Structure formats: C-alpha cells, structure tokens
2 protein chains.
Amino acid sequence: MTTPAPDARRYHALPSPFAMKRGGQLHGARVAYETWGQLDAVRGNAVLILTGLSPSAHAASNAQDPSPGWWEEMLGPGKAIDTDRWFVICVNSLGSDKGSTCPASIDPATGEPYRLAFPELALEDVANAAFELVRHGLGIDRLACLIGCSMGGMSALAYMVLHPDSVRAHISVDTAPQAQPFAIAIRSLQREAIRLDPQWNGGDYDIHLVSDRGGDSDRYPEMGMSIARKLGVITYRSAMEWNGRFARIRLDPEKREDEPFGFEFQVESYLQGHAQRFVRSFDPNCYLYLSRASDWFDIGEYGGGDIMEGLKRIRIARALVIGVSTDILFPLEQQEQIATGLSAAGAEVEFVALDSPQGHDAFLVDIPNYSRAIGGFLARL
Amino acid sequence: MTTPAPDARRYHALPSPFAMKRGGQLHGARVAYETWGQLDAVRGNAVLILTGLSPSAHAASNAQDPSPGWWEEMLGPGKAIDTDRWFVICVNSLGSDKGSTCPASIDPATGEPYRLAFPELALEDVANAAFELVRHGLGIDRLACLIGCSMGGMSALAYMVLHPDSVRAHISVDTAPQAQPFAIAIRSLQREAIRLDPQWNGGDYDIHLVSDRGGDSDRYPEMGMSIARKLGVITYRSAMEWNGRFARIRLDPEKREDEPFGFEFQVESYLQGHAQRFVRSFDPNCYLYLSRASDWFDIGEYGGGDIMEGLKRIRIARALVIGVSTDILFPLEQQEQIATGLSAAGAEVEFVALDSPQGHDAFLVDIPNYSRAIGGFLARL
C-alpha cells in the first residue's frame, strides 16, 4: 500500500447539464478548487484567483497539502494576498486535467474518456464554471476581488462581463483583452507540434499514464508536448533575462547530449529541464483545448467587435492592471487597453507597468514588485 | 525532354583539401555564385553579398536567369546596389544546398552523400570559402564593399577579421556580433523539431527528392521542417506588423482545415503557406549545419572573449550598420555593438536604426528605407 499524496482539493458539482458557449453540454461535470483563510460572516472577503493555462488550484501550501504552490510567495498569512484577512479561492479551470472535468475525464455517456468528444471549450465556460462554484458552491454573491493571471486574466474579463455585479475589485495580471496574431501564431504552432506527433494519434493516447505521472508509455505525444512546452517557455521569458542568466555559457562536456546537434549551451539544457517537468504531467488534449480557447477569447465580442466597448460593459469599483515591458506574448499595450477600458467603464484604475526582465512569467518570479503592487492594492480595499 | 530551368550560377573550386575551422576537411569542394555588372579594369568595384541561412546566390534576376531574386528590388541597374557602377557577387554559403558543397553533396571518399559525415561547419568556413572565390576565383584583392545580411552579417564579420585588408567598406544588415541565448534557444528548438521527426532518421532521408523539389517521399522530415520554418517566420517578423496585417481575421470557412484544432485564423494560414514553400526546397541536414554554425559564431573569440575587442581587430575604412527596432532575433542593441566596435577600430561608421514594423525580415520587405540607407552609403563611397 502507498500513502496517497497530500491533496487539498475540494470539488464543486456543476449544474447538469452545463451548457457550453460554443454549443454542446457537459453532464455531471465538476471543478476542483482550494481555499485559504476564513470566509467572514457577511461573505464579503472572498478573493478568487483564475489561473494561467497550466497551473492547478494549488496556488499555495495549506494544512491539507503542505507542498509549495505555484504562487507560494504571493499568497499566505501576512503576504501580499493576505490569508489572515481574505478568504482566497483558486479554481482549476474547466478543461484542465488538475481535478476539473476535462477531455481526459470519463464521458458518462460512453464510460470512456471524452478525448476529442469533449465539446468546444471557451474561456467563457471556464469563467461560468468558476462563477457556479463561487455563487452556488460557496454562497458568495460578490467577490471582494477577482484576480486573473495570464490566460486567467482573460477568463476574469469573461467572468465580469457575463456576471454583472459579481465582482467589486479586479486585479489583472500579465494578460490581454483579446488574443493577438503573434500569440495565436505561437499557440497554433504549439498545437501543431502535438497534432503532428504520430503518438497524439487523433487524441487517442494512454491517458492513465498521464495522470499517474510516472508513465513512460510510447503511446503518448512526448515529442509534441516537449516542443510545445519549450516554445512556451521561450515566449514566457525574455531575451534580456537570458542574456544575463545564460549568455553563451556552455554545458560541461559530460552534460552535453552525445548525439548529432545535441545540446551544448546552458539555455538548451534549461529548456529541456522545463520540458521534462511538464511532459506527462499535463494532458495533451487538455492543452489543445485550453490553448485554442485562449485564441478564441476576445472581449470585443461583447462590444460589437470593439475592445473598448466590450470592456466598458464591465462594472466594477476598482481595478489594478499590471503588465511588464518585456512580455512578448501579452505585450504591455494590451494591459494599457484593459486599464483604459475599465477606467472608461467607471472603475478607479491603477495601472502598473513593470520593467522586470523575466517577461510574461515575471508575475511568478519578480515577487517583490508584484507583491508590492498587489499587496498595496488589496490593503487599500 | 524537359528544358533545363534557367540557371545563372557559376562555380569556383575550393583548394583541395579545404580545411574547416573546427577540424576536418573537404576534398573537391566548390561554391556557387552569381554576378551582376562588370568588374572594372583595376578590379576595384566589387561588392560581395553574404546571405542569410536559406537564400541562394540568386539575389536578383540577370540575363542567364530572369526569375526574380531574393533581393530583386535592391539590386540592379539604377537600384540601391547599382550594377551599372558595381560588380556585384552573391555567393551561396558553403554548407547550403543551393549549389555549394554541403551535407547533401557526394562525399568523394565514399561516393555517397556526406549527410552527417560532413565536417562541423562554422561561419568562418563560409567566410573562407567566399574569400577563396573573391581572391583566387575572381582575382579581386580588395572588395569595395562587403554586405552581409542576417547570418551573412556574421559571416561578413568573420571574413573581415580573418582576412585583413580584404575589404574597404562594409554594410552590416540586421545581424549580430555573436549569437545570444534567445536566438540560440529558437534555433535549438528548430533543430530539435527536425531531429525528433522520425523521418529525419539520423540524417538518412531521401535527398534526391529534396533537390528535385517535386518529391513527396515519406522518407523526408516534413513535419520537423515545417515546424522549424514556421518558428523561423514567427521570429523573422513582428507582432506589430501582424496586428495590422492579420489582426483576428478568420479564414473563409471553406479554407479552414477540416480536422480537430485545424487552422482558423489568417495568421495560421500565412505560416502554413511559408512552410509549404520551404519544406522540400531546403535540405534538412544543411539546415541543421547552418543553424548550428549561427549559434557558434562569436566575434568575441577574436578578442579574448570580448566582443568589442574582437570587433576592434577589423580594419576597414567605412561601415554602414543597419538594424530595426522590431527585430526580436537580432535585437537592435546587437547592431549598436557592431557599430560601436567598428568605430572603435577606426572605421567611419554610420548607424541606422529603423522602426520598420516587419521585424528581422525588414531588409527583405521595407525596400524604401533599406534602399535609402544602402544606396546612399554606396553612392558616397
């Protein structure tokens, strides 16, 4: 017998059927989530975090799961998102394989995994599933603050435009009001690397080995997932950071790959390490669905095709919009658009443009600057 | 019988053996080249163009081959590189499959293609092969001007540092004094896409179908080459250009791919078009060799590890250094380094920083601005 891994996840059953934006519906679906801190008597201190494409609901350690979370340094007692004051919820996106219903889940209609029979997924569905948890699972009418990072920032815009009066304040982190063609191109190529991998096999690979994490089945698109992840990491960081961090440093000869055109520079080994940690820990079909959902998102849909008009339909009291000048995937101009649009809608908006060298991922790395901005904003609420 | 395609290439036999920088040697090797204009009596009006990774020696149309060249609008009678005044030479890089000896060539020792038995290739070898053509093939002691674009700009720095007094003036276009880690990461991932393609097969695919261009053999790493090319195009252009050019425009429904996660946005179709034109028109092993050579290049090697010291060993009279602010592969700071270093070495340097939206490829697209800079510089020589 093995001891189960610590797990702080709880689950909320979505209404069944749960209608999806682009058609189709889910039966018996659920979302996984974790919480930190205590909900106050008037249910007025709730903060919801919507994540990027790959993170789980485990944003930080807690009693049930002491392992560090993906935003460990940002979230906890006395930290920027202070769990002594706030009741913090992090939800695993619908369509992600970290506990929520997703293409790797069993389709109750067939008893087999959905795979590509999963209905088309939009970030609006991710937002609606999170809203169901907050409103009906936790009985919270209005979030004190909705925080969205990267893809989660787009989900957060969807949440606010679809559910008026459900959010008092908003923190938008390194995100965009719509996918621009450069980001679409990157994600399209990531998807193509997976789709072209013969082991993807139209979505029919060994799913159970994915969730077991230790699997080494050949029936898994390892090549495609590795290329997709490396391309992701390249666009999540910045050339400036790498000039200082890696320069042209070579690997020690014994660490080089002994094959033609094998890795020779440290930056190549760094990417390989990232890919090895990701591959077989994320379901390829889920990756494809969430990636495509990111391309589709456009707040302009809610404004007759105009981003500003779409943003102006969002009614909140206050917002903090953060972006970083070295982000090539969600460039700073896109955060400026969000700040401008929310301000035009009547919100009191703070716009923070950082020069962190870490690119899009700065929110995960440059904790001092992000803590100062986010902690300061939350403290003033 | 079919009429042979127009072909303006001529060939220069390299000394045999031809020693390679990193060890090994070539026997019976050659470089292909084309020329425009007339060499004057004192052999003083020669301009040599060293190319980026993929172009051939066919920079422009000429009597023998009226098809448009890759720099057609820049080169010709009355154009910026005025062939009424200059004798212009464009050489196909050693290691490229457009006529020069390369990994797809027959190894005289075995009678079979070199494939991975080709010795390691450095841009210094590309430079030395071009120098052999100029000095011994064409009898030119000193180039009036050496022009290097992209990878060819690095080859040009090698040419000048290895062959003192062989160049009077230099035009450096969208290039770098050394490969930085972001560019290495991109190229490493391009190579990996090819290497991981099962049809690459350790370099043993159907070469003859590559050179025939019309081949559709399954024994060719089409997937890897397509991914590599698309990643290339993404980094050769700029997000700014695509915002204006593609925005979020969808493909007409009948042009969409009828398969899961198939192309839906115009930018995806644009990348696919680029890939289709490239795949099977460039030899994968040659791509790998030239890509790795680009990573290896570092002018700092000639200055005790210091870029500036390396550049200061280049003795020329004048230089024009051009870069573009939207280039993410060879950022403008790297052209500033070249300008600063050549100036410190005593050259009279003009530095032109353009804001063309087309990114690294601007030199192929923003002909008005590049013509003005290059034509003006050449006219003043």
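For all residues, glycine too, the Cβ spot is worked out from N, Cα and C.
In TrEMBL this protein carries:
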DOMAIN    A:46-365  domain 'AB hydrolase-1'
REGION    A:52-55  region 'Important for substrate specificity'
ACT_SITE  A:S150  active site, nucleophile
SITE      A:R187  site 'Important for acyl-CoA specificity'
BINDING   A:R229, A:D361  substrate binding site
ACT_SITE  A:D327  active site
ACT_SITE  A:H360  active site
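Features as recorded by TrEMBL, highlighted on the structure.
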residue: A:S150; record: active site, nucleophile; DSSP class: coil
residue: A:R187; record: site 'Important for acyl-CoA specificity'; DSSP class: helix
residue: A:R229; record: substrate binding site; DSSP class: helix
residue: A:D327; record: active site; DSSP class: coil
residue: A:H360; record: active site; DSSP class: helix
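Beyond the region 'Important for substrate specificity' (A:52-55), the same-chain residues lying 6 or more positions past its ends with a Cβ under 8 Å from any Cβ of the stretch are 70, 93, 96, 98, 149-152, 278, 282, 287, 290-291, 294. Listed in sequence order, the recorded positions from A:S150, A:R187, A:D327 having a Cα within 10 Å of the Cα of A:D361 (substrate binding site) are A:S150, A:D327. A:S150 (active site, nucleophile) has A:H360 as its nearest neighbour among the recorded positions A:R187, A:R229, A:D327, A:H360, going by CA to CA distance. Here the region 'Important for substrate specificity' (A:52-55) has, by DSSP, the following mix of helix, strand and coil residues: 0 helix, 0 strand, 4 coil.
Annotation: A:D327 carries the greatest number of neighbouring Cβ atoms among the recorded positions A:D327, A:D361 [cut-off 10 Å, Cβ to Cβ]. Here the Cβ of A:R229 (substrate binding site) has 24 other Cβ atoms within 10 Å, regardless of which shown protein chain they belong to. The recorded positions recorded for this entry are A:R229, A:D327, A:H360, and the Cα of A:R229 lies nearest to that of A:R187 (site 'Important for acyl-CoA specificity'). Separation of the C-alpha atoms of A:H360 (active site) and A:R229 (substrate binding site): 15 Å, rounded to the nearest whole number. A:R229 (substrate binding site) sits 17 Å from A:D327 (active site), taking the CA atoms of both as reference points.
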